[in-house]
């Protein structure tokens, strides 16, 4: 045989051995299977999601069954799928409770998920809310108070309230609450147990809580119960089935006198392992993580000096199936034999069954099933599909899946256009999926190649442009021949022309890291960037990262750089034939990080020594620290003085000075560097400075006033932060001016700011020297400076005389009186009081005027109303006696109508106004004249002109805008004002040499040509000019 023929034969033999190793299995397999759900029956979102997700080739589809019946999602408005997950809305306990199973399928087959149950938790109220019957017992007797929980679903916990919330029964050796029955057991009743007991039931799923009616516990009056042996009232069942790895709790409690002691043992004599716990005074035995060796008989012993009693029960162990061995995806040729075996452990021992595409596999003919083994002889194409081994016992069921692919066809993988860099190594693969295995060979153009690897792969080393050509792979078996051709292109190496460089940058700035290349135009190029080993996601991180540049540029822009952006950046350039990279280190500098572990090492009444640990310097050395403090009396954090005054970056301790005594302080530290101030440290633990004698005296000492024989002293209280300690109060010292001896009084209430000294011997309005000091438990502090305060004076003893009144208008009365002569008491001023109804003088208005005035105007009154008035003198002690009341009547109100039909004419700068007279009604004051108000637009002053006519002439300036208003005048005051009349300065420009007539009632406009000084004549006006005049006049009438 020729040598090259031997090489080809060896290559074909190797390909036959390897062809099945490259089969791609595309059947469904589980990513996430459904899990059991228990939901509150009144769940606020009223929606349940049962998760189901598989992977495999598309299209991948799902279906669901409930209690073994397929769910028709097309006609079910409450149920729909999202992906493979089942979503149930508007939950209904009756329709939705049950066992769900998901099926995933595609063209390769179907698999079933594990089963998942959906249950609903609820807790009803107790049926009767009336007080339960009283339980009568003797002292020393045992008692059981039944809870009787209402209808429910979901795990419950129990507690008992004694008399009223929140006094709960505390469990001990004498009292026990069973978490199985909810009942309360009292081994030996004492007199302190008498009261009302309420059972509290909690649902751990719904978090609902319901309370029973109270059960009264009453002591009988026929004596005390004597001692008796234990009687076990709470004991676990004779047989306790328990699952592997579960937590088992056994309860045991006895009544008895004396109170019995509970102990536990295993009848086998095997001691308890360390994981076993005794709780609630040994009433509960807890076995966590139950295993096979924990099964057996357990005994509870209750014992007192009168005897003992025991209860026994057996824990039986069971376990769900668990896989020991499963099958794997398998590809076999036609006529080959399949053997799969799966093994599972469990208690009881599990049984096995097999599924193909979700349907039961029946043992017949070529198909045999024995325990967990499946064998199929002489495979054909119809045997392909998804198989599942099912292991099941009464405690659970598990599934294991695998795909069987029976190969009996010829098909080859496509060979795409290939590119390779000059000088590199090229590998061309030809791995057809065929059964029986195919024979493969390679051709370059029409030339058969013999330099093949054992698996039929063609490798070319150190390629050059001469290797560029079309390459064809040919595969053949009994079903036919297939071939595929691809073209190999050789390209020049790619070069990086601009690389990023290491940089330092400040937080908040933006930069561009360059990454540019020169490459063969035949290549497809892509750029990517990695940061600290992680690929940058430009969509997710678009706030900071953006790739900029064209097809040969992959520059990276980083905007608003943060501290966490410091690190290593790698630009990766991928082409069809190679991958290149270049990197740079970016150092980001920012303000320092927060210091940590701020502690108060030592504290006095005015200083605190602090220590801390430094935070990160964030690329720039720490140059110094600022200390801040906060108290309950400050607004936020305040910088404080320190020793040394400047705390440099190398220091980690400082002494804060100038603190107030007996104040609770928190401290924090802020670091700074050349970039700026960093974030503050966490606050230190609150620490109070030591107390000290007060060093601040009360301020603003004064007083005076009060009633007869009183000395009233006032001051500004010392703020709490300046009181320096507990037991703070004030010392008030006073003496008559000119005397030596001080009288002292002590006030122990810190917030008080007034002291009244009463003594019948105090002369009225007598001067006193007054000072106020502070004290606390450490001693007395300083006094304020001395202030002069006068004692209370007596009210004026004489009423004013010759009081008379005058009605000024509808809303104003003038009151006049005669000043008081010299009297012993001080007179600081006068007050006039007034009221409407003489039978109700308590409805009083009051006007005060300080000084020696004898006239006051009372305003804001009602029109045409009788008022009663009197006058009294006053001082700091109050008003003296009032004068005899007199009465007066206010004027009728002015007319409530404004002047109408106002017309005005202007000749030069003289404005003449005309209006219709205002006639008062019988209930109104008669009109006595008119008030014309004139206001210049640029000034705030208002000129008034009074006239008793219905016309007035005004001289106006041509440089101003004017506003004019007219009101009727009467004894009752000013009437309603007319609509404002606006005179615009443009009118003066248009009316030079003419007369302008405007009526405020109608849009009537008359222009009369003026006469010259030397004779008469008409002025000719252009149409444009007349239009301007007309527009100006209309503006003036409405402006």
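Each residue, glycine too, has its Cβ placed from N, Cα and C.
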Annotated stretch (region 'Disordered', per TrEMBL) among the listed ranges 649-677, 678-706, 707-735: 678-706
Matching range for TrEMBL feature annotation, transmembrane segment, among 967-984, 1021-1038: 1021-1038
Maximum Cβ pairs under 8 Å to the domain 'Ig-like' (321-405) - stretch from the list 28-119, 124-212, 493-581, 898-988: 28-119
Stretch-level contact, the domain 'Ig-like' (493-581) and the domain 'Fibronectin type-III' (594-692), CB cutoff 8 A, at least 3 pairs: yes
Beyond the flanks of the region 'Disordered' (678-706) by at least 6 residues, Cβ under 8 Å: 590-596, 598-600, 603-606, 608, 610, 612, 615, 618, 628, 630, 637, 659-672, 712-718, 722-726, 728, 730, 754, 756, 770-785, 787, 789-792, 876-877
Predicted model, mean pLDDT over the domain 'Fibronectin type-III' (898-988): 87
